């Protein structure tokens with residue numbers, strides 16, 4: 001069957017006229033890629049129009065797009081059951097598409113709620129929000145429904161609203177400055193920093209008996225098992241909100257003003273690269289540090305040259321690599337996708353094998369030991385850092401002195417191993433015993449810590465990796 005569309009209905013042409021352009025061809029081959037993108041967009045719109053004609057909601061979609069009005073009605077399509085497309089759901093993934101959407105060999109609707117259009121697979125509300133509002137949209141984590149949307153994606157109803165004006169982009173919250181007293185005493189040496197590298201951490205599986213600690217700001221979405229495309233319901237969010245009191249946790253209230261001190265506000269600012277990633281094999285650093293500038297990136301085991309959205313470990317060589325490391329590298333596959341959205345960092349396991357994460361910020365949220373290693377199964381994701389939680393901790397630690405603030409440095413470092421886990425329940429008990437692992441440094445929080453420590457009074461001994 002030819003892939004060329006024989007006829008484009010006028011309504012499809014009108015709707016395509018409102019499509020948002022991503023801008024830029026991306027260099028050589030951009031023309032061909034743009035041509036393929038245009039064809040895909042036309043198929044996506046044509047497919048949607050066909051479904052909406054049967055339900056009489058097509059006029060409402062056109063009204064929403066042309067008026068750009070959020071007060072329009074819901075425009076819904078069935079949210080589950082591949083049978084509605086008259087096609088079976090493929091159970092294998094043929095190819096990873098560079099747009100971040102799964103790629104299959106035929107058009108269908110899968111059981112996980114994702115929509116298949118011409119070799120690309122994604123959540124329907126994300127597809128059409130990208131098409132008509134935000135071409136740079138990467139994930140459903142970046143979207144939240146407006147209050148009057150009755151069929152929002154997160155409500156998990158039989159139908160899902162694809163009205164692009166019923167969704168908003170998640171905004172990064174503005175973190176209030178931390179009020180820091182200027183201390184006159186200068187420390188002669190740095191306090192010892194908790195180091196979990198050589199300790200034997202506890203282990204936990206995700207999901208587990210997770211209950212957020214009441215003295216921390218609730219997650220959005222709240223803690224719980226998050227499937228490949230899942231979010232918890234608003235009811236669960238309200239229950240989570242009842243367990244704590246965010247008003248009591250704001251950095252301003254955690255830093256009581258003492259007018260006898262010389263208090264200076266220290267503000268948070270976003271760096272050009274939100275995180276830096278180093279790759280290790282056992283206890284040996286391999287390759288150069290990857291600096292992440294994009295809100296979404298993958299760390300995988302393939303061999304394509306790395307770009308701003310992809311860190312390929314398959315290209316990296318190591319003369320000391322043994323057979324165990326070689327075998328593990330072959331199983332990294334699609335690896336892990338990292339999102340930095342709205343001041344929150346998520347890790348999604350794309351590999352066929354689990355990933356293992358040690359995130360002190362995440363562990364503190366759930367009341368685990370700071371060194372706990374959490375297993376993330378394939379197709380699941382976990383929030384591994386939250387800027388607002390960190391801001392509250394920082395403001396609280398300022399009142400406890402230089403050492404308490406300095407200890408937060410460890411919270412800005414996240415370790416993650418591929419395929420093989422480590423900890424008390426595993427043969428490998430330290431991260432440096434795992435064949436393949438990465439270490440993330442969150443640059444924004446680290447730079448904020450540096451400014452706060454400088455304001456508090458820098459010690460005379462310089463910080464180093466050995467301190």
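One-based numbering along the chain as shown.
Placed from the backbone N, Cα and C atoms, the Cβ positions cover glycine too.
These numbers come from a predicted model, not from an experiment.
Feature annotations, reproduced from Swiss-Prot:
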type: MOD_RES; residues: 8; note: phosphothreonine
type: MOD_RES; residues: 19; note: N6-acetyllysine
type: BINDING; residues: 74, 149, 161, 166; note: Zn(2+) binding site
type: COMPBIAS; residues: 207-217; note: compositional bias 'Polar residues'
type: MOD_RES; residues: 220; note: phosphothreonine
type: COMPBIAS; residues: 233-243; note: compositional bias 'Polar residues'
type: MOD_RES; residues: 240; note: phosphoserine
type: MOD_RES; residues: 245; note: phosphoserine
type: MOD_RES; residues: 250; note: phosphoserine
type: MOD_RES; residues: 255; note: phosphoserine
type: DOMAIN; residues: 274-467; note: domain 'MH2'
type: MOD_RES; residues: 458; note: phosphoserine
type: MOD_RES; residues: 460; note: phosphoserine
type: MOD_RES; residues: 464; note: phosphoserine
type: MOD_RES; residues: 465; note: phosphoserine
type: MOD_RES; residues: 467; note: phosphoserine
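Looking only at other Cβ atoms within 10 Å, the busiest spot among the recorded positions 19, 166 turns out to be 166. Taking the mean position of the Cβ atoms of 74, 149, 161, 166 as the Zn(2+) site, the remaining residues of that chain whose Cβ falls within 8 Å of it are 73, 75, 76, 145, 146, 148, 150, 151, 152, 162, 163, 167. Cα separation, residue 19 (N6-acetyllysine) to residue 166 (Zn(2+) binding site), rounded: 17 Å. Regional average pLDDT for the domain 'MH2' (274-467) in the model is 92. Proximity of residue 74 (Zn(2+) binding site) to non-local residues of its own chain (separation of 6 or more, Cβ distance below 8 Å) is seen for 60, 149, 150, 151, 161, 163, 166, given in sequence order. The number of other Cβ atoms within 10 Å of the Cβ belonging to residue 149 (Zn(2+) binding site), over all protein chains shown, comes to 21. The Cβ of residue 8 (phosphothreonine) has 42, 46 as same-chain neighbours under 8 Å, each 6 or more residues away in sequence.
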